[in-house]
Amino acid sequence: MSKNRERVFDQMMEASAEDATETATQVAVKGEAAIKQEFITTKDAFHGFLDSEWQGSKGEKAAENDTLQEKKDPFVDEPESKKPKLDPEDVKKTEKQDKKRFRGRNKSRPHIKPTTYEEKRLCLSVIQKNGECKFGEKCIFYHDVAEYLANKPADIGECCYLYDTFGKCEYGLACRFAKAHTTADFKTMEKAELVEAYEGRTLVKNSLSKDLQYRLRKRSVIFKKSEEYLKTLSNNKNKKEQQGNGDVCTAEVSAEPKEEIQHVSTEEPLPTCPDVQPPVKTVGPLTDADVIKLRPCEKKKVDFQDKLYLAPLTTCGNLPFRRVCKRFGADITCGEMAMCTNLLQGHQSEWALLKRHESEDLFGVQVEGCFPDTMTRCAELISNYADVDFVDINSGCPIDLVYKKGGGCGLMTRTRKFEQIIKGMNYVLDVPITVKIRTGVQEKSSIAHKLIGEMKNWGVSMVTLHGRSREQRYTKLADWDYISTCAKLADPVPLFGNGDILSYEDAVKAKETGVSGVMIARGALIKPWIFTEIKESRHWDVSSSERLDILRDFTNFGLEHWGSDTRGVEKTRNFLLEWLSFMCRYIPVGLLERVPQKINERPPYYMGRNFLESLMASQNVDDWIRIR
């Protein structure tokens, strides 16, 4: 079989070389990466090779497994065919509600919710062996183990990562790898040595407790320090209105708000309040900070100088991905952007974005909001109930949903609110505050240099500047000349630059602009080993098998984080596919005509040095599923 595969591969390479001779001899297409001539191919030859290899060597086994899976799993069905759109004449006759139903793309595509993967799951009382179910006959889940296993989807593999790593799997019979730790009489096995080694060890912090969630939903959590700051803002507003009604000159009235805000934080500090300790037991050694509350001048100091900062990436910047990047040398990690209002309302999904793994030694959370009251209360909530090293304010998010409400990039044009938010959060927090901004809202109207000078006086500990405006989003190149100018204005406050870093050479050029460090976003998604390349100043030609091992580690971390039951497996698969949509843009160093690859250069169709390398270069979602 291996000889046949090599023969097919050679034939495909010869055919693709003949088809691509004309295009290879011409000048390289603008915007495409320069790849060696012998690897360039055409679209038809590329997909033809992948399909023939998959069907020939792996496709038969995969087809058999898929057939068996569909027979055993009643919930895995082929998606329904797309419904035809209505004719223009019929659209006019329908009601407005029917018109809205067919608006937009793929509105009629079937969507499977995570809760429907297993409509009837095994009851938690059976998994945790708690005795009788408290819901009794009203419980909708299975209590008969044999009946559950008869309807459960087939196991994916014979080895359970959780069982092999921690000595036990908390998902028991619901695990999709249950054969590895289940006896013939349906009992879950444990490895005593591993269980004892991990006993009392907290791997993930910042989880939302049921008690806190209940009190947040009932609005019974007290934000004493936040109320003091907001009360002062209200008093300053009343003073301003009174002075505006009096005989005060226009110049004095216009200057008053700025003086009052500075007056709040410096000249007349707010009255001190007794420490509000969270109603949870602390674990670990007692420190001075536990006994004596730090004063503002004694806040925790964080050394940001010359660090490699993994950007807070929405959707893809999850905890398993951060663990992968941490192993490759990322110094600073930050959670995904969390909405402050959702945190205050106790949303479990939003609090999940604050979770911190024990390997993240320098970790922060990023919050988004547009009003001083909600942002200040959210900061106090994080200070009391989460373990973080810094809190980042997102004022660079370009999406309309956030911007139109005044958050994200909208804060850059609402400087008065921005100032109140930063000073309020600085008052209630005992960790540094950082801010992430863009050059501005419009492409030709940069305003970041004006804000940076002000933010130094507001108490910001570090600024991250993305070298694009909101209008640009991620098009065109980042303006590193402007970042260099802003870095000089920010001194002595450290400023990190962000944009278009995909190799250690890009990082070296970025540091020459005078920034304190670099933040890496899409570059880490395309190749997470970029942190190792920067620290070792070399180009790393990572093989396809090494990349597959990286994906395997991510999958294991995902099963540990989201669970090894059906819901956790599907969640891990979804996030893996999200990541593969970026990772497929990577071009191996050995195939490049010119090193390094640029982030704005899209890869042409090319044949890899083996089948797996070619499969990982595909931008077709069907091929990503094959990797999955």
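Glycine too: its Cβ is placed from the backbone N, Cα and C atoms.
The compositional bias 'Basic and acidic residues' annotation in TrEMBL covers 58-98. As annotated by TrEMBL, compositional bias 'Basic residues' applies to 99-112. Taken from TrEMBL, the feature domain 'C3H1-type' covers 117-146, 159-184. According to TrEMBL, the region 'Disordered' annotation covers 54-112. Marked as zinc finger by TrEMBL: 117-146, 159-184.
Mapped onto DSSP classes, the zinc finger (117-146) shows 9 helix, 2 strand, 19 coil. Beyond its flanks by at least six residues, the zinc finger (159-184) meets 121-122, 126-127, 145, 148-149, 152-153, 190-198, 556, 559-560, 563-566, 568-569 of its own chain at Cβ-Cβ distances under 8 Å.
In terms of DSSP secondary structure, the domain 'C3H1-type' (159-184) contains 13 helix, 1 strand, 12 coil.
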